[in-house]
Every structure is written in structure tokens, then in C-alpha cells.
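Lifted from Swiss-Prot, the feature list:
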BINDING   ASP225, GLU375, HIS468  heme b binding site
BINDING   ASP227, THR301, PHE303, ASP305, SER307  Ca(2+) binding site
CARBOHYD  ASN106  N-linked glycosylation site
CARBOHYD  ASN212  N-linked glycosylation site
CARBOHYD  ASN322  N-linked glycosylation site
CARBOHYD  ASN358  N-linked glycosylation site
CARBOHYD  ASN449  N-linked glycosylation site
MOD_RES   SER315  phosphoserine
MOD_RES   TYR482  3'-nitrotyrosine
SIGNAL    1-22  signal peptide
Amino acid sequence: MWVCLQLPVFLASVTLFEVAASDTIAQAASTTTISDAVSKVKIQVNKAFLDSRTRLKTTLSSEAPTTQQLSEYFKHAKGRTRTAIRNGQVWEESLKRLRRDTTLTNVTDPSLDLTALSWEVGCGAPVPLVKCDENSPYRTITGDCNNRRSPALGAANRALARWLPAEYEDGLALPFGWTQRKTRNGFRVPLAREVSNKIVGYLDEEGVLDQNRSLLFMQWGQIVDHDLDFAPETELGSNEHSKTQCEEYCIQGDNCFPIMFPKNDPKLKTQGKCMPFFRAGFVCPTPPYQSLAREQINAVTSFLDASLVYGSEPSLASRLRNLSSPLGLMAVNQEAWDHGLAYLPFNNKKPSPCEFINTTARVPCFLAGDFRASEQILLATAHTLLLREHNRLARELKKLNPHWNGEKLYQEARKILGAFIQIITFRDYLPIVLGSEMQKWIPPYQGYNNSVDPRISNVFTFAFRFGHMEVPSTVSRLDENYQPWGPEAELPLHTLFFNTWRIIKDGGIDPLVRGLLAKKSKLMNQDKMVTSELRNKLFQPTHKIHGFDLAAINLQRCRDHGMPGYNSWRGFCGLSQPKTLKGLQTVLKNKILAKKLMDLYKTPDNIDIWIGGNAEPMVERGRVGPLLACLLGRQFQQIRDGDRFWWENPGVFTEKQRDSLQKVSFSRLICDNTHITKVPLHAFQANNYPHDFVDCSTVDKLDLSPWASREN
């Protein structure tokens, strides 16, 4: 059984500003040398960041953006995140320059004053020192101040946590597969696309649906994931390797790590030699600099706090609010309405990739607390429901408490919606993900523990991608009788990326919500892993552009992040570590799959965690195997126990409020925020209409009377 990590060393040093004075005697790189190197690098990196922003605006205005450029719109770092990533880039490039231009033999040479370098780069700049109000009953938007001993713990724009040390080809930053002749554990790593082609792909969509899980089960997983983590791509740091060279000519270098197509790949005929791939944004190392290996950023808060609704940066949080109203409302769309109900506001910053999808309709992307909200139509639908629920709560609270001002109403509604997401996730979602392993990894709540590290781990960002196996090839829209809606009731998934016009001008969200309730998720199958809609047509909303391969991207991203291999994580979780084909067959209970993996990777040690974890047979009553159950369960337990504002923690809500909150349900959310009147009681389970559906009048409502107060 895993025991909570104690953090005395980490808590003493996690904040970017708590830098220890250097005790070096001889400094090969003097302060002047460091300053000169950093100044030169800043000019180079700043230009690269500016060029990238300019290029993105130009290409999206061209009426013919590429798949990469559409993707980049959502992966583009903004605000404080952009500053943090830029500083990380300057740090790394400065180290390279100092190593090249001075007598240093390696970048961890004790004679290099890393403290001086940190300050010269400006590594403290992205996150100004926060003055915490210890008596505030509300979370900060940034996630700071949750842990009183270490206020930055779990905050946005910090490094993802490492549960095992990073494994890079050069020990610092280069991913395995970067240098052709270099090996990992004695073997060359296979091309990511080759693994996707031989292991992940399938042709026949028959029999792939999950007879026990609704499509909403898949969609809730993406909502939770976007609440917890986001690692935007970085920019290219040198002038030698422009994005054009990476995207059009597959020239590897700097932060360009193209996904090369293997021989006989059908994409060779239409897409050239590769899919472009840009490495994830990373941050400066933190004192005491025990490791200088590249650490990827988490741009959002690590807490399950509805940050995807409210944002993780103060400037965005403010932009999302209706500050002209004293009701504590979120801003809504002023140009279009869903039969009297609100839509998300448009992100009116031009250009918008969503307008390119249908140049006649010209509907922009939506604006939400997470920039990925318009990535696909069901995600935008779920965001819309959460936005409406905030405003419903705020209005109801105003009726109960006419004396509350807009700020109080906003914060209380935000607090309740955060609790809603926590309850739905832990009560309804995780038990049918982890199945028989639920109690092992997430025992009953014992209260807040300030020694538990709530940060999202790097490996979790891959473990949680099991949801990609649950995405079906089509999305259905249903009418009030749960029958096909209109002439285009069933749409291919790839036509719904960046597709906001289908919501605004073609039926609203109700037909899509009914599809989420009455249609099924895809079932992960060892020989039918990821639909071709994601494996060949990702971000291909029109026939004018080519699609990406999400599976290959996941595998390449494992290497980009320096992920240890399959057996390292099996050992971490106390599971057996197969060394041979026979051993792998025993673990996977599948001789054919084990042989395919061994033919590609040569050793189980090298299998990328994303494919290795997903290849395992599912645990009883769950939808992941033993390894992913361990990684997911451990992470969610830490998210819960390391959160001072967790809804069950005494003092966060009153006892009566907690009793009331236990009655929330996703079905009630739908009843309260759509025109739908028939819903299933168990929204994540597969449901057949009308047998499994009830009238909204029979679904418990959230009783807000415990929130009535005489206090302001």
C-alpha cells in the first residue's frame, strides 16, 4: 500500500523565489559572463516567441491554415504561462551558451552559480510573490495559498511533479529517438507512428461500443483532465530552426521533434515525410538544483477546482465575468441564444480557427476558463452546461441573500460548482474507472493533510489519456424522443473539431446532450484501441487539410517528457516487471499483442507508458488495467487529501451544506440547464430510452437553503 509522500525537502525549496546563496568559491562563469550570455539568449528567444505569435495570426487569416496551425491555436501559451515557458527556454539556452563559451565541462559544474543565473533569467517573474489571506474561505484563481506551509504547491505555471526521475537521451533534455544511432537499454526505440500503425489502429468499427458506459462517461473524463493539467507547446528557441522548416521539411532541431512516417505508411503519399511535432513548454529548474533535467509546465491549477470554468490566471478570470452585473454572473454570449438559454461568449480575438471550419457560417471559437473549450463539439457542450450552472447558482443565491454583493455571489457559486465537479468525479466517475481497485487506491476520506503533495504528476498526464480509447467514431444528435435529430443526426467525429457553428446555427446543445446520455462510449479493446477518426483525422475538420495521429502524438509526447519506460512504472506500483516475451504475455493475457510489442520495442523496459498502460487487461468492473489504476488512483487520492479546500474538509462547508451537496447529480445539472425533461438517473452508465429514463421532476434538486445567511 502506498504511503503519502512526506515533503520536508520539497516544501523547503519549491517556491521559485526561495533561492539559496551560492557557496561556490571559484566561479568559472562570473556574474558578468552569465549576464552577457543571458542577454544574448533573451534577444534570440524573445524574437522567436514574437515571430511565432505573428506567424500564427497571419496563417490563421489565410483561409488555408494547416492542421498544425489549427492545433497550435489551442496549444499556444498565453499570459503568465507564456512568460514562464519563455524563461525556461532562456534558462536552457543560456546553459548551452555558457557551456560552449566557458571552461565548464558540464552544466551541473559546481562552479556555475545557478542562483545568479536564475535571477538573471528572471525565473521568479512569471508568478509574483503572493500575499496569502489565511482567513479567506475561497481559493485563489491561481491555486496559490492552498498549502499554508508552501503556498505555491499545486499552483498554476509550475512544473509537473516527478514520481520517478526523468529519462532523457542525454540525461538533461533530449528525448529518446532524437539521435538515430543512440539506444535505450541496448535497443533503438521504434517510430511513434509505426507503433500506432501496428498496435493501435483498426479498420472495422463493428462491436467497439461499451455496453455499460454512456458517451458522457468519456466526455466527463476530458472535463476532469482539462481541469487538472495543460502543457502548452514551447516556441523554437533559435533562428536556425523555424516552424516552417519543422512543419514543411521535417527538419529536426531545437524544439522541433517531427513524427516520421515509416515505410509504406499511407500518409507518405499525401502528407510528406512526417507530422510536425513541437515539444512541450518547460520551466526553470528550482533550488536547490538537484536536477537540471527539463521539467514540463502545468499551466493550470493542480486542484479539482473548476478552473476550466473560471480560469487559472486573474486576468482571464476577470475577462470571463460579467462585472457590470451585481449578481456575480459569468459573461455569456450576447450574439446568440439557445432558445432563451445562454451560450459561452465568443472569443472575439481574430483570427479564429473555428470560423475557418465553415466560412459561410463564420462562427468564432468560444471563450472559457480553458482555451481548449472549442477543441471538439461535445467538450464545448459540457463547458456550456457548467457555465449555465454557475449563473443559475448565483441567481438562486441572490434570492436567498439579497444583501450579498456580486463578489460574494460569484465566489459562493464558484465554490459550489467546484464541489459539484469533485463529487461527480469521486462518487460517480472514478468508481467505474478503477472498479475493484477503487478502495485500494482511494480509501475513505480522512481529512486534509498538508504533507500530501497535490501537484499533478508528469506520468498522470499520460495515464489519464486512457480516455482516448473511449472515443467513438461518430457523434449523434437526438430529438426530445431520443430519436435521430434532423437529416444529419450522426456526424463523423473529425468534422466536429473546432466546430462551434453546429451548436450556434444547427440545433443548440440539447440534441448533443441527449446523445451524450443515450449513446455509448467506445470500449477499449486490445485489438481495437483508437478510432481512425483520432488516429488519422485528428484536427481534420475539412477535406482541405490533412489529419494528425493522436496515438503517435501521445507516444512522441512520452519521449518528449522524459517518461521512464513501462517496467519502471510497473515496479513503482509494486507490480511484476516482465523481462521476456513470455512474461509480457502473462501480464497482457494476449500472446499476439505481446509479440507485436516485443517486435517493436525488443524489451518491455522500453515500452512507452501510454501504450503499455493501456494494453493491460481491465480490472474487474473498471476501464483500466492494474498499472493505470495505480497511477490514476494515487494521483486522485493526492488531489483530494492535499487540497485544503476539498468539499468534505470540515470548515469548507457547513454540515448542512455538505448534506445538501450530496444530492447533486449530472442528471439534475441537465434538467436545470437545458430544455431536456427526460434523463437517466445514472448518467455515466449506458442507458436505453425510455426504459432507463425518468422525468426531471423526480430527480433530486440541490437545496440551497443552508446557504441563507444574514452576513454579507
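Our numbering is plain: 1 for the first residue shown, then up by one each step along the chain.
Backbone N, Cα and C define each Cβ position, glycine as well.
Within the group of recorded positions (PHE303, TYR482), the Cβ with the highest number of other Cβ atoms inside 10 Å belongs to PHE303. Other than the site residues ASP225, GLU375, HIS468, same-chain residues with C-beta atoms no more than 8 angstroms from the centre of those residues' C-beta atoms, the heme b site, are GLY221, GLN222, HIS226, ARG372, LEU379, ARG465, GLY467. Ranking the recorded positions ASN212, GLU375, TYR482 by Cα distance from ASP227 (Ca(2+) binding site) puts GLU375 first.
In the three-state DSSP scheme, ASP227 (Ca(2+) binding site) falls into the helix class.
For ASN358 (N-linked glycosylation site), the nearest of the binding-site residues by C-alpha distance turns out to be ASP225; the candidates were ASP225, THR301, PHE303. Shown are the binding-site residues ASP225, ASP227, ASP305, GLU375; of these, the residue with the fewest other Cβ atoms within 10 Å is ASP225. Ranking the recorded positions SER307, SER315, ASN449 by C-beta neighbours within 10 Å puts SER307 at the top. Using CA atoms as reference points, the recorded positions THR301, SER315, TYR482 were checked against GLU375 (heme b binding site), and the closest is THR301.
Comparing ASP305 (Ca(2+) binding site) with ASN449 (N-linked glycosylation site), their Cα atoms are 17 Å apart once rounded. ASP225 (heme b binding site) sits 29 Å from TYR482 (3'-nitrotyrosine), taking the Cα positions as reference. Comparing Cα positions, THR301 (Ca(2+) binding site) lies closest to ASN449 out of the recorded positions ASN322, ASN449, TYR482.
With all protein chains in the displayed structure included, the most crowded Cβ environment within 10 Å among the recorded positions ASN212, THR301, ASN322, ASN358 is that of THR301.
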